[in-house]
Amino acid sequence: MKDNFSFAATSRNITSSLPFDNLNATGTNESAFNCSHKPADKHLEAIPVLYYMIFVIGFAVNIVVVSLFCCQKGPKKVSSIYIFNLAVADLLLLATLPLWATYYSYRYDWLFGPVMCKVFGSFLTLNMFASIFFITCMSVDRYQSVIYPFLSQRRNPWQASYVVPLVWCMACLSSLPTFYFRDVRTIEYLGVNACIMAFPPEKYAQWSAGIALMKNILGFIIPLIFIATCYFGIRKHLLKTNSYGKNRITRDQVLKMAAAVVLAFIICWLPFHVLTFLDALTWMGIINSCEVIAVIDLALPFAILLGFTNSCVNPFLYCFVGNRFQQKLRSVFRVPITWLQGKRETMSCRKSSSLREMDTFVS
């Protein structure tokens, strides 16, 4: 199928693009299309290599998390169930990266047909939302463990069986626009068949802005509100606790880990969502500066790349930092892990209920 694309519109969207629905086809916002900068290819040459690096590292560490969960004997904790589903979402997201790396390598020429374009575009969006939603669930679960320790000790795995399907359903619903609109279109002046969001031409600007704002709200603003609120709640509660000796060390570890979760989420996803929001403003005609559009085009592929690194960081934030990680790893793979060995003293003083419950997240 062929569409008519203006040089400026195509240039803008080709360079701003790909997995997260920012690679679009045409539009009606004339002010955004009066910029005649050409697609910049040189700065994209490193992107496929970086995609493969993230794929290899992220796939390896998340496979370890899934293996630990599957080989774990006895009843599973609620937090472990969330961590497992987070790792699965990250694995599925990372599994699509080789295709998008190939897409970049061929300068946005999609080689895998329209069905694969729709499926893998939707697959990526679905698991991006699922990963973010499970990070939010983990933050809420940790908050409950600290603020309501006795109540949280009564949690049963079946409670997570209600939350997990709900999260996956929400992720599926969030990816429906991608599934509906993602398709292959021919861009004649570039000589490529691009995998794009094929919105109706007469309402292209409205759809583009709406989808961008949806990603901002569902994929960043709402999760960040929950994650940050839980962190400050944990911090306020623990700082009120009189802790001494080893109890204080545990408290400080918990606070550092909670802060690391917030910082990792912001560092990995804020650049992408800021650029996505600016892109929405250009579609709405609020931003008409060619310089701003050029910056969006240049920076967005790297912001997307930074967002993908969150899938590599998650296992270290939620699994690998624990005191019992070495024992779990050795029990699964039956090999000595000397590089993880270290002396740990047993706590001699009694912990408060909050710290004792929260210690399960650093053990």
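Residue 1 is the first one shown; counting continues down the chain.
Heads up, the Cβ atoms here are built off N, Cα and C, so glycines get one too.
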(request) With CYS195 as one half of a disulfide in Swiss-Prot, pick the other half from CYS117, CYS268, CYS290. (result) CYS117
(request) Write down the Cα-Cα distance for CYS117 (disulfide bond) and ASP279 (angiotensin II binding site), rounded and given in Å. (result) 23
(message) Taking the Cα of CYS117 (disulfide bond) as the centre, which of the binding-site residues listed as ARG182, TYR204, ASP297 lie within 10 Å of it?
(response) ARG182
(request) Could you pull the average pLDDT for the topological domain 'Cytoplasmic' (71-80)? (result) 82
(request) Measuring CA to CA, name the entry from the recorded positions TYR103, ARG182, CYS195, TYR204, LYS215 that ends up nearest CYS290 (disulfide bond). (result) TYR204
(request) Could you break down the residues of the topological domain 'Extracellular' (105-114) into DSSP helix, strand and coil, giving a count for each? (result) 3 helix, 0 strand, 7 coil
(request) On the DSSP side of things, how many residues of the topological domain 'Cytoplasmic' (71-80) fall into helix, strand and coil, could you say? (result) 4 helix, 0 strand, 6 coil
(message) Please give the angiotensin II site's span as the largest CA-CA distance among TYR103, TYR104, ARG182, TYR204, LYS215, ASP279, ASP297, to the nearest whole angstrom.
(response) 24
